[in-house]
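Engineer: According to TrEMBL, the transmembrane segment annotation covers 26-44, 65-83, 95-128, 171-191, 197-216, 262-280, 300-320, 332-349, 361-381, 393-412, 424-443. What TrEMBL lists as domain 'Major facilitator superfamily (MFS) profile' is 26-447.
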Amino acid sequence: MANFLKPAKHIEPLPKEQVDDTYKKLRLQVFIGIFLGYAGYYLLRKNFSLAMPALIDEGFSKTELGFALSAISIAYGFSKFIMGTVSDRSNARVFITLGLVLTAIVNLLMGFIPVLTSSVAIMFVMLFLNGWFQGMGWPPSGRVLVHWYSVSERGGKTAIWNVAHNVGGGLMAPIALVGISITGTLSFGYLKGFEGAFIYPAIIALIIALISYMLVRDTPQSMGLPPIEDYRQDYPSKNKETLEVELTTKEILFKYVLNNKWVWMIAIANIFVYFVRYGVLDWAPTYLNEEKGFNLNESGWAYFLYEWAGIPGTLLCGYISDKVFKGRRGPAGFIFMLGVTIAVIIYWLNPPGNPLIDNMALIAIGFLIYGPVMLIGLQALDYVPKKAAGTAAGLTGLFGYLGGAVMANIIMGMVVDSLGWDSGFLLLTIVSVLAMLSFIFTWNKRGQEVLK
Ligand SMILES: O=P(O)(O)OC[C@H](O)CO
């Protein structure tokens, strides 16, 4: 492990009278740091799609660009897991900043060096690198959440943090579009305009990386504070033990993650949830255009509403799982996926000519799907000791992206091409039902009680 990445050293405990004030201040500070940081990552997750229309005008086909785009999901899936294992043994403050700076550098290079957007193979490599560095955002955020917030408050706090990705993803398009327009004028004599979709979100991400570095702190003990469990008298197990020793990768993998049946269950559930998340989102513009007669502008709005509807939906889901089901995530996930299934069927069966119903169905899916997405991340944090949090979330990401997101792109495309949209939606509905049922396995599990 590189020295600069090592977890921050524990320092001498602060005097007792300073603990409460310092904890309150730092908890808010680190939370804002990871919220802004993760929103910053999402400015650079899908911005390539805003450069795609211009690249199509340059002569690239949709298939070629779709192939290049898939590099992000493939790399992200592997990276969230592999970099998750590194993150669990790293200083979250350094790790989250480093990943954001690296993803910004990749985008600046793609923006300023024309050869890097000149062929599908080169774009695939660059987007793969981008996807890899993107995988350095979730795990350190998870590490901060589990070290600064105790078990009983994690549902609500993780839900609030989780909307960072909707905020970042939602702001990406306007920033990229303004960037494209600025670059059309400020072209440095050689840029064409579309490069602005890389350059301007990347510049903002660099500023966010600096702010995030100033705000995030690795662990309470590195600031002279007691572990969060002692501070809040809120323990993951009845014997009040908490794990404060940093683990080796072998211990994390073989003692806490790969031999943990609950982690495997949510990893499999994540395949279905992510298939629906990206199966609806990525195909929405094409489906709405081909089957419902939406133009690009109208389907762009529908896409935007889908993302932003996820914010209140996620908060409600976190609240319900904490307050109504007292920390049991399974029932909340089941109910939200039931709603998604119904909305997918309405979205499918609504005849052309009723755009309001299409938009309402899409908003309902966006409102409902991000709760289960968040709950799986939260369960990953719940089901392992805090020193293994990033790895557990990373494993669910690996399954979600490779088995869910990438498959949603490939299999949905193949089914729709050969059998039509009805078959595509039948598949989506079946997968949505499977996602719903998969929450039954963790129906009665609460917080970290699986560790007892
Ligand atoms: O799909 P991811 O890995 O970017 O995660 C998005 C949300 O934060 C899931 O909780």
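Glycine too: its Cβ is placed from the backbone N, Cα and C atoms.
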Engineer: Which listed range (26-44, 262-280, 424-443) shows the maximal number of Cβ pairs under 8 Å with respect to the transmembrane segment (197-216)?
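Structural biologist: Top-ranked stretch among 26-44, 262-280, 424-443: 26-44.
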Engineer: For the transmembrane segment (424-443) and the transmembrane segment (262-280), check the count of CB pairs under 8 Å (sequence separation 6 or more) and say whether it reaches 3 or more.
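Structural biologist: Answer yes: the transmembrane segment (424-443) meets the transmembrane segment (262-280) with 3 or more Cβ pairs below 8 Å.
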Engineer: Within this structure, do the transmembrane segment (361-381) and the transmembrane segment (171-191) have 3 or more Cβ pairs under 8 angstroms, counting pairs 6 or more apart in sequence?
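Structural biologist: Counting Cβ pairs under 8 Å, fewer than 3, so no.
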Engineer: Which listed range (65-83, 262-280, 332-349, 361-381, 393-412) shows the maximal number of Cβ pairs under 8 Å with respect to the transmembrane segment (300-320)?
Structural biologist: 361-381
Engineer: Do the transmembrane segment (65-83) and the transmembrane segment (361-381) share at least 3 Cβ pairs under 8 Å, sequence separation 6 or more?
Structural biologist: no
Engineer: Under a Cβ pair cut-off of under 8 Å, which of the recorded stretches 262-280, 361-381, 393-412 contacts the transmembrane segment (332-349) most often?
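Structural biologist: Looking at each of 262-280, 361-381, 393-412 in turn, the most contacts to the transmembrane segment (332-349) are made by 361-381.
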